[in-house]
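This report concerns only the one structure given below.
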Amino acid sequence: MSDIESLGEAAGLFEEPEDFLPPPPKPHFAEYQRSHITKESKSDVKDIKLRLVGTSPLWGHLLWNAGIYTANHLDSHPELIKGKTVLELGAAAALPSVICALNGAQMVVSTDYPDPDLMQNIDYNIKSNVPEDFNNVSTEGYIWGNDYSPLLAHIEKIGNNNGKFDLIILSDLVFNHTEHHKLLQTTKDLLAEKGQALVVFSPHRPKLLEKDLEFFELAKNEFHLVPQLIEMVNWKPMFDEDEETIEVRSRVYAYYLTHEK
């Protein structure tokens, strides 16, 4: 007879309750090395260490190709950032927000869904990688399409006369097909008259690529935001499954959106 069997009814004390949940995976880290630092950058910090949420239904536990491409592009084009107001939607690990701060943005507002773990992680990454005396990054939990006041308050307090954002970053968000209208409405309403939105994405579901691209048709036809393809490049896909779709999944698309004149 085993020790557990000899305990009789008391053995039940050692059974996991039906509602038992295992502890969540611990956060892990990814390193990003800046390879396009220009002399205009406010900081020459080269290595950025990002903490990623252990697991997240909102995909904040991965450093996606689109986020890396976005960071590279921003570092290569400091004129988009320096002295400007920047809004990042769906920031996840907030790499683009960090890059904007290091390039001397006047103010960066880094946002994502108001999930406590996700927002705490964004705060951690910013505090770990942006010098405190820069004082040019704020974070805000935000649901696309909701009241803009909390976002605008961050640039109003620095005395920005424009009242809107010079640059809005949407990195790897267009796979949320049901959210296209909200994303575009938010972008249209918060983008300064001469501002630009940077939209970068990879086709995570190759069969739905056309749905991804409908974002840009919708931007043009319903929201009067003009899409301009920057480029499409091929990088190693995030996942190795399904050889038949590997080429499509390796793509990274980058666009600008501007207000129709």
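Cβ coordinates are placed from backbone N, Cα and C, and glycine is handled just like the others.
The S-adenosyl-L-methionine binding site annotation in Swiss-Prot covers W64, G90, A91, A92, D112, W144, S171. In sequence order, S97, S110, T111, D112, I122 make up the list of same-chain residues 6 or more apart from A91 (S-adenosyl-L-methionine binding site) whose Cβ falls under 8 Å from its Cβ.
Look at Swiss-Prot and you will find 1-27 tagged as region 'Disordered'.
Largest Cα to Cα distance within the recorded S-adenosyl-L-methionine binders W64, G90, A91, A92, D112, W144, S171: about 21 Å as a whole number.
In the three-state DSSP assignment, the secondary structure recorded for D112 (S-adenosyl-L-methionine binding site) is strand.
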